[in-house]
Each structure stands twice: as C-alpha cells, then as structure tokens.
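To start, the structure itself, in structure tokens.
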Amino acid sequence: MARKTLRARRFFSLIFPFFFITSVYAEQTPESAKTVTVEAKNEMFAPQHPDQYQSWKATSEQSAREDALAEDPRLVILWAGYPFSRDYNKPRGHAYAVTDVRETLRTGAPKTAEDGPLPMACWSCKSPDVARLIQQEGEDGYFHGKWARGGPEIVNDLGCADCHNTASDDFAQGKPALTLSRPYAERAMEAIGKPFDKAGRFDQQSMVCGQCHVEYYFDGKNKAVKFPWDEGMKVENMEQYYDTIAFSDWTNSLSKTPMLKAQHPEYETWSAGIHGKNNVTCIDCHMPKVQNAEGKLYTDHKIGNPFDNFAQTCANCHTQDKASLQKVVAERKQAIHDLKIKVEDQLVHAHFEAKAAWDAGATDAEMKPILNDIRHAQWRWDLAIASHGIHMHAPEEGLRMLGSAMDKAADARTKLARLLATKGITHEIPLPDISTKEKAQKAIGLNMQQINAEKQDFLKTVVPQWEDQARKNGLLSQ
C-alpha cells in the first residue's frame, strides 16, 4: 500500500506541472484573448449622448481641403523622396479621418493586403477601430503588416471609443470616463512622469488629445508607434533621442540627408506654452461647455477654432474683446509664417547645394557634418510648423525653434560653400523653377499623372471592397 501511494505521489509530481503549464498557456490562447469591449460604431452611442453625438457629427461641416503644397511649393523640395512631397493637406474635421487617409496620395494604391508603401501604424490615429483591433489582436498583432491590411477593419471615423471607456458604468451614467485607448500613449505618458490613472481630470483631458496630437515614429521591424519622449519633450530632447538610436524617417533624394519628419506635436507645444503651463486644457479651448435647446449644458464635440465659441472659451479668462485677441493671434501667426519661409528658403538651397557637392565628388566623411546640420535644421523647422496652432499654443517656442533652425541651416550652407570651393565650384548653385507645386514635383522626378491615376483606380476598385467586407462583418452600420 505504501509502495502504491509512493508511486501515485511520483506520478502526480510529474504530471501536475504539465497540467499547470497547460492551464497557463490556455489562458493566453488567441481565443481567450479576443474578449473585445470596444464598440467602434459611433452611432451606437447617439441615443445615450445625443448632444455630444450631433455636435461630433458636425465636424463634417469642416470639409474644406487646403493644399499645403500648392500654397508653399518649397515643401516639395524639403520632403523630396518622401510621400509628403506627393500630397499634404492641412487638417480638417475629425469626420474625415478615415476618408482622408484613404484618399491621400501618401498611402499609395495597394492592390492586396500585403501591398503598398506604408505600415499598419498609419491607421493609428484615425479610428476607434484601432482600439478595437489592439484589444482583439494585441499590439504586436495590430501593428503587423502593411497599411492595406487594415482597410476592411478600420472603417469608423475618430469618435467615442477613442477617448472614452464606452463599456464602463461611468460612461453609461453619463460621466466622461476618459481613457487612453492606445497602450503606446499610456506608456509615453508614464515616461514623462504622467501616469494616466494617477492624473487629475484636467490633466486627463489633454492627455486624451495627446494620444494623437503628438510627435511619434514607427519603431522596429513591426513599425509600432512610439513617442520619442525618453529624453523629454522639447525639440532638442527628441532630436537627441533620434540621434542616439540613429533613426531617420527617410533619406532626402536630393541631398541624401537622413531626415526626420515631424507629425503634429500639439501636445508638446501646448505643454511648452502659457496655456499648458497654466493648466488650460485642450477641452477648455476646443470643446467648451455649451447649452442645448433645453438649456442643458454639454461638452461641444465639434472640435474647432476657439474664436468660434468666444464667449465660452477665451472670454472665460481674457478681458480683451474678440477683435483685440484676434489681432494679437494674427500678428503672432504672421511672425511665425515669415520666419518659416526664410528657413525654408535656406533649406531649399542647402538641399540643392548638397546635391551639387555629391555630384562634384564629395565623400561621406566630408558630407557627414553638413548633412547633420541639414537634418537638425529641418527637424526644428518641421516641429515648429507641423503644429498648426503653434502661434496660439506656444508662439515664443515656435519662434525659438525656427530661429534655431535658421542657425543650423546657415551652418550647413557655410560648410557647403567651403566644400564646394575645394571642388572648384565657386558660383551660386542654381535652383530649378519650383514656383508651383507641379513644377517642384517635376523637379524631384515625380510622375504625378501616374501616381494620381493609380490612386483613382484604388479608390474605385479596392475601397468599395473594403466597405462591403466591413458591412458583412458587422463593423459598419448597414
């Protein structure tokens, strides 16, 4: 009997770890990980939050497209070799988030889920379907593959579940239930000492916007979104971070400079400005409390210009009248614009002069310090101008960054002049005609007729298939 008991103990001592291991892995199987609580269809919340929903829908009224390349063809040269040289429009209403990322020439004209120039990460700020997919597939699963893979999945415009925990009891009771629906944004806030779950409501209001209105890059083989805040949020901090990891978004096709492309760093620039330092949040200015027809207060989700709701926004703090404040803002905007153009002129020359140096036989060693100056100059310029509201958020910081960019561009051109002289080139390097977007695109070798034709074919053939598939899968309302 004792011998049988001993054998039984040995048996269970051997087999128990197996059952334990099996049970642990069973908890991590894909099937059990697919519990999804994110509802991406925004209209599902209309009955519960009618005022917020209708004001959110009104972002479709912000429909005008402004072609930034047509307005300023210099940009084509600065972004030569990068998709932004093909197409870059100024931002418009959130209701167009999915439409615009489909229609921009930057995303190409993929024919299959494995085709195209850009990664899945390019959907990350466009839709609550992103939060749903991350919950369903995990971050690694979501980021895996090309942008086109997400076409049939990411179909609802930026909305409720991007900013609110719509599955929570608080949300059901009419409370904001703010959340960071992107795990990478939560990690970034922790990196700067602002864990979301420990932040006050005012901080959370801006952190929610800071999930998308930030500088970011695509990290590693999987091209996962990461914010470059490990060293801090100032332009020099992020520059140091990128330099340390030897990161570049692309290589300028004229100067061969390893470049950085700033995105939309509103959170960083707001934080550096007087509003951010005084805890005036994004919501205070862009989503004020307004009254509905019955006199009930609600948060206006038609995100827009604070001057459109002056009494509910600016007038809460400022004693000046609307016209006076508009004049101040216009002057700051003009000052930033004027310096922006001066920096761009220097950078355009620097890119063509660098090309001339390469053509004249310059070596990598000779060009390295020059390209580093060009890289830093354009990065500082870009971080200033990519934040479209910097004249309001942090005008002093905008001018400081542009002034620094001007200095770096001047350093690059001085070094180029000396290097070109050693190659026997002492005359000014001529520029091609870049007076229009079309001429600038031709100067960098873009075949825009072909690019546009391919895009139109994609929009007519592939996108309808995406939407049909999304409806069949219940991701879009019929």
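Heads up, the Cβ atoms here are built off N, Cα and C, so glycines get one too.
These numbers come from a predicted model, not from an experiment.
The heme c 3 binding site annotation in Swiss-Prot covers His94, Cys209, Cys212, His213. All protein chains included, Cys209 (heme c 3 binding site) registers 20 other Cβ atoms within 10 Å of its own Cβ. Reduced to three states, the DSSP call for Cys209 (heme c 3 binding site) is helix.
The heme binding site annotation in Swiss-Prot covers Cys122, Cys125, Lys126 and is backed by sequence analysis. The Cβ of Cys125 (heme binding site) lies under 8 Å from the Cβ of Ala97, Leu158, Gln211, Cys212, each of these being in the same chain and 6 or more residues away along the sequence.
In three-state terms derived from DSSP, His164 (heme c 2 binding site) belongs to an extended strand segment. A sphere of 10 angstroms centred on the C-beta of His164 (heme c 2 binding site) encloses 22 other C-beta atoms. Under the heading heme c 2 binding site, Swiss-Prot lists Cys160, Cys163, His164, His301, citing sequence analysis as support.
The Ca(2+) binding site annotation in Swiss-Prot covers Glu215, Tyr216, Lys261, Gln263. When secondary structure is read from DSSP and collapsed to three states, Glu215 (Ca(2+) binding site) falls in the coil class.
Taken from Swiss-Prot, the feature substrate binding site covers Tyr216, His264. The secondary structure of His264 (substrate binding site), as reduced to three states from DSSP, is coil rather than helix or strand.
For the recorded site, His318 (heme c 5 binding site), the DSSP three-state label reads coil. With a cut-off of 8 Å between CB atoms and residues at least 6 apart in sequence, the same chain places Leu325 near His318 (heme c 5 binding site), listed in sequence order. The annotation heme c 5 binding site is assigned in Swiss-Prot to His275, Cys314, Cys317, His318.
Per Swiss-Prot, heme c 4 binding site is recorded for Cys282, Cys285, His286, His393. Cys282 (heme c 4 binding site) carries a helical DSSP state (H, G or I).
Summarising the annotation, Swiss-Prot assigns signal peptide to 1-26.
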To see if you understand the setup: which same-chain residues, six or more apart in sequence, place their Cβ under 8 Å from that of Cys317 (heme c 5 binding site)? Val280
Residues within 8 Å of the Cys282, Cys285, His286, His393 Cβ centre (excluding the heme c 4 site residues themselves): Cys209, Glu266, Trp270, His275, Val280, Thr281, Ile283, Asp284, Pro306, Gly389, Met392
Could you tell me the C-alpha distance between Cys209 (heme c 3 binding site) and Cys282 (heme c 4 binding site) in angstrom, no decimals? 7
What remains of the binding-site residues Cys122, Glu215, Tyr216 once a 10 Å Cα-Cα cut-off to His264 (substrate binding site) is applied is Glu215, Tyr216
Near the heme c 5 site, what residues other than His275, Cys314, Cys317, His318 in the same chain have a C-beta no further than 8 Å from the centroid of the listed C-beta atoms? Val280, Cys285, Pro306, Thr313, Ala315, Asn316, Leu325
